[in-house]
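Visitor: Before I ask anything, here is the structure I am working with.
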Amino acid sequence: MAKVLVLYYSAYGHIEAMANAVAEGAREAGATVDIKRVPELVPPDVAKASHYKLDQAAPVATIEDLANYDAIVIGTGTRFGRMASQMSNFLDQAGGLWARGALNGKVGGAFTSTATQHGGQETTLFSIITNLLHFGMVVVGLNYGFGDQMRLDQVTGGAPYGATTITGGDGSRQPSETELAGARYQGKTIAETAIKLHG
């Protein structure tokens, strides 16, 4: 049975919700799924004053965890059109895994959130996907089998490169059911691919 890691960073809970949806989809495909988060780099007093969501249940991942999975789906909010520094810092520590080819052939994917529709969703996904490709992974996006990413009757995230959500400038907008459905669809597709490749 394929093992899937949903690895995320979420300051305000939007990506945490998307991570749970990705995991639901992967489980639906028959995979064993773990959800883990990367360490917070912001000092605790600053995080509290900034109203970060500090009660997230997912355990903190280690770099060596990555080698134990057939698929890794990475999610993080956008910071100025790229992944958050917390995720970047974590992935920057994976040089040892890269050097020994420990991630070659594993399945990977990306998901993100932005404050606005044009806040850098695709560039953030690319910043994650670039890492996955350097690690030698097989990247699976959000294919057009999920047709709701092309809806025009509502504000909705989603791109062929990965599931996304739009939070609003003040962060008050939570992922819509359409966006969560996209995350579930991508999680299921990634797990199905991992099962085909790794059993």
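Positions of Cβ are set from backbone N, Cα and C atoms, glycine also.
Got these off Swiss-Prot a minute ago, pasting:
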BINDING   10-15, 78-80, 113-119, H134  FMN binding site
BINDING   Y12  NAD(+) binding site
BINDING   W98  substrate binding site
DOMAIN    4-190  domain 'Flavodoxin-like'
Visitor: Compare the C-alpha of the residue listed as 'substrate binding site' with the C-alpha of each of the binding-site residues S10, G13, G119, and give the closest one.
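Guide: That would be S10, the closest of S10, G13, G119 to the residue listed as 'substrate binding site'.
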Visitor: Determine, to the nearest whole angstrom, how far the Cα atom of T116 (FMN binding site) is from the Cα atom of Y12 (NAD(+) binding site).
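Guide: On Cα coordinates alone, these residues lie 15 Å apart.
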Visitor: Tell me, roughly as an integer, the mean pLDDT over the domain 'Flavodoxin-like' (4-190).
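Guide: That region's mean pLDDT is 97.
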Visitor: State the three-class DSSP label for T78 (FMN binding site), counting H, G and I as helix, E and B as strand, and everything else as coil.
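Guide: T78 (FMN binding site) sits in a strand per DSSP.
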Visitor: With Cβ-Cβ distance below 8 Å and at least 6 positions apart along the chain, what are the contacts of G13 (FMN binding site)? List them in sequence order.
Guide: K53, Q56, Q174
Visitor: May I ask which residues of the same chain, at least 6 positions away in sequence, place their Cβ under 8 angstroms from the Cβ of G119 (FMN binding site)?
Guide: T78, G81, I166
Visitor: These are the binding-site residues: S10, T78, S113, T116. Which one scores highest on other Cβ atoms within 10 Å?
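Guide: The largest 10 Å Cβ neighbour count belongs to S113.
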Visitor: Looking only at C-alpha atoms, tell me how far S113 (FMN binding site) is from Y12 (NAD(+) binding site), rounded to the nearest Å.
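Guide: Here the two Cα atoms are 11 Å apart.
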Visitor: Near the residue listed as 'NAD(+) binding site', which residues of its chain come within a Cβ-Cβ distance under 8 Å, counting only those 6 or more away in sequence?
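Guide: Listed in sequence order, they are H51, Y52, K53, G77, T167, G171.
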